[in-house]
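Trainee: Just lifted these from TrEMBL, have a look:
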type	residues	note
SIGNAL	1-22	signal peptide
DOMAIN	97-169	domain 'DUF753'
DOMAIN	180-253	domain 'DUF753'
DOMAIN	262-337	domain 'DUF753'
DOMAIN	349-421	domain 'DUF753'
DOMAIN	427-497	domain 'DUF753'
DOMAIN	508-579	domain 'DUF753'
DOMAIN	590-663	domain 'DUF753'
DOMAIN	675-747	domain 'DUF753'
DOMAIN	753-823	domain 'DUF753'
Amino acid sequence: MVRQNWILLAVVGAVLIYEASGLHCIVCSNEEPGCTDGSKQAELCAGNEVSCFVSFEDGKFSRGCTADENTCSDNDGTKCKKCNDEIPAGCNSFKWLQCHKCATTDATCSDAKVGTGSFCTTFKTNDRCYERFVADKVERGCQSEVEPSTDDVCQNNEHCKPCDENNCNSDEGRMFQVTKCVQCDTSVDNTGTCLDGTLAASNCANPSDGKCFSKILDDGSLKRGCHSELTAQEVTACTDTKCAICTEDNGCNKGIFPADRLQCHQCKKADSASCSDELTTEVNSKICSIYQADDKCYSRVKDDQSFDRGCQSNLPANEKSCNGLANCFECDGKNCNSLSEQTLKDSTKCQRCTSDDAGCLAGTAPVQSCGQTGDSCFVRINNDGKLERDCLSTLKTDDEKVKCNSDTDKTCIACTEAGCNNQKWLKCHKCKGGACKDEQAGEGEHCTNYKESDKCYERFLDGTDVDRGCESDLDPATENVCVANQQCKTCDVDSCNNDVSTAFLETKCVQCKSSEDADGSCLKGTKAEEICAVPDGKCYSRIIAGGVLERGCRSALTAQEQTACTGEQCNLCGDVGCNKGVFPENRLLCYQCQSTDDASCSNELTGDAKAGLCKIWKADDKCYSRVTAALNFERGCQSDLGDNANVCDALNDCLECDGKNCNSLSEQKLKNRAKCLKCDSEDTSCVDATSEIVSANCDNVEDSCFVRVNNGKLERNCLNTLGEADQAKCKDANDQSCVTCTGQGCNVEKWIKCHQCKESSSSTCNAEQVDANAQFCPKYKVDNQCYERLESEKVVRGCSNDLSEAACTNNLECRTCAESACNKAAANSLKTNQRCLQCSTASDDGGLCLAG
């Protein structure tokens, strides 16, 4: 039994030794598990089979044993690779690489690949799969298939990834595309290349899908980098002007960002004297390092008189470039702050602000430079409804400038003085209709148009609908919107027209008659208003029969009376108590007193202590002062004496005048007032018998008298009756065509008449003259005379004071006389017998002396 067991063991061992010593190969096709990766168990080949092989031909993959030495090659680059190493696992267990394959023409090649790829066409030891970008398109395959052949498929291509596992080249394209971006932060930008975007792009540490970003951080600094640095939330939010993602090319986030980033001249005069000159180059020009959407350039002269330029955003957070500085200019264009320091000082200065600033709203904002001379200032309500004050040159269109300079368009006001655009532009509540009746909350709106002393209003229209707004916005604009509507209120403070409508519903008027006016309050218009029984929003004041003043509610008048209430003697008005005050406005105010009641009445009066309104209204009323027939002194209104009263009849000391409190002179001055002869030569007494004429009072109590010849007529009167030019002639001491004097009735000077003619121009001058043809001498002279004389045997007649010397000097045929028209003798009466020829033949060249 033991021997049999040994025999059995020997047989089995022999068989095992035989199998272990034969050629073993993996025998399978690619459909079988473990075939493609070489993990299938090897099998003993037949005795005549001398090699193992791995083959990929005609799209079929297989492993097996072969007896044909020429079927396969043991070199790389073939479709069948053989081996003949006798190892139990089979020498043909080596891997034949599988890779995903697609060309750049395949749009889906950049997508991630799943599943099994394709066998490389030929076998190559250390073969690799690859995935790479070629001309911005993705290509995948086996390195062994690349033409020309290469051992480094990714040479000189950073957008390429090799791998040596089956199907390993399955990544999405972005995973092996190297992205280059500018990567920096301006907060640590010592060279300025991050700010101006000239820093070289560098490879992103992580896949970034070929995308870069530029982003303004919360502190205004700029960061540039790779897309992979952003969170998903940041990517979603990166869509506005402060953040941009780009994909155009590597380093696409270069250049200035944002594109509208401001660039300003930045320098200090303390560092460089040329900083204060007008700058025409970009030597001092720099991009503003902190980004603000509303950033501005500035040039300024500070309180310590230092000069600098820069970006508003670069200043400390609590510092404004032009805070209270007049010589400061802000602007928002590239290098716009180029003006010189001197131009800045000489430039036009305006308030430059919007109503976001409380000082701007009030018109008290500090002025700033316009950056140029000859500019103008303006104030307007802009399209956003904000009040805007600025320099006219900042307006972008000519149409806007024309509106501001227009005399008729009041939506914008322009002016030329420094800081002149400080007008208060009112804000009012604006509404109409149902909700408008309620008390209005919050702030109103700026009035569309500007109007000096503008007002807000709130009113009832036809006693029902409520309307609120600005007086200046009414069409046409009115001086007082409530003038014809008492159910209406105006006010001049911002948003003041906010009352509930019941506050201006009732009508209140002064209601009285001056004939029933015990305390004078009706006449003076100081009586308190009372609620009208029938409110209609209007009051009246009118003069009724007898000159009596009546005030009341319009609703108390008949329809006919309401229609007729126009003109000076009747007035309708609409404000509460609007029929107060003196009516008519030109009602006369006179001093009213009697010396019998008050001795001081005789004094010269000033002030209003003894003044009073004339109770009875007359259009031509006058004040008076007079000494009565009973020698009492009194003052008053002509109208108070009755309709037919003649104030000064038969009174010598009496004055009427027609101005406020014009009857102020004292009793003594009234008695001593100027009195003159008032007549002309049509009254013969005015010429020769002045003693028969009674002097009369002059209107001006301190007047002078005059006598003159005017157009051949002798005139005597008060100087104040002449015009200014004639008064000046009379006052001229060198002009004797008019004579003045200051005593009562002093203008009695004798002004003679003379015949005034020349025979050479008047054929009747040599005859005896008729008295009626004599004329007043043009000039006055005391003791003046007439003359008549022969000149070259022709008669000349006139007034002595018209000659430069005595009339009869060196003339024996001449006569003077002192009475009017006395120079009337015929020519022959002037001739004398004292005419002799006086000559000598010794000097008689012409023989006239000899001939006689």
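First residue shown is number 1, and so on along the chain.
Note that Cβ sites are derived from N, Cα and C of the backbone, with glycine treated the same way.
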Trainee: Rank 97-169, 180-253, 427-497, 590-663, 675-747 by Cβ pairs under 8 Å to the domain 'DUF753' (753-823) and hand me the top one.
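Mentor: So the stretch in question is 675-747.
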Trainee: Express the predicted model's confidence over the domain 'DUF753' (590-663) as a mean pLDDT, rounded to an integer.
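Mentor: Summarising the domain 'DUF753' (590-663) by its mean pLDDT gives 91.
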Trainee: Please count the residues of the domain 'DUF753' (262-337) that DSSP assigns to helix (H, G, I), strand (E, B) and coil.
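Mentor: For the domain 'DUF753' (262-337), the helix, strand and coil counts are 7 helix, 22 strand, 47 coil.
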Trainee: For the domain 'DUF753' (349-421), how many residues does DSSP put in helix, in strand and in coil?
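Mentor: In the domain 'DUF753' (349-421), the DSSP-based counts are 16 helix, 22 strand, 35 coil.
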Trainee: Give the residue counts of the domain 'DUF753' (590-663) per reduced DSSP state, in the order helix, strand, coil.
Mentor: 8 helix, 21 strand, 45 coil
Trainee: Using DSSP, break the domain 'DUF753' (753-823) down into helix, strand and coil residues and give each count.
Mentor: 6 helix, 22 strand, 43 coil
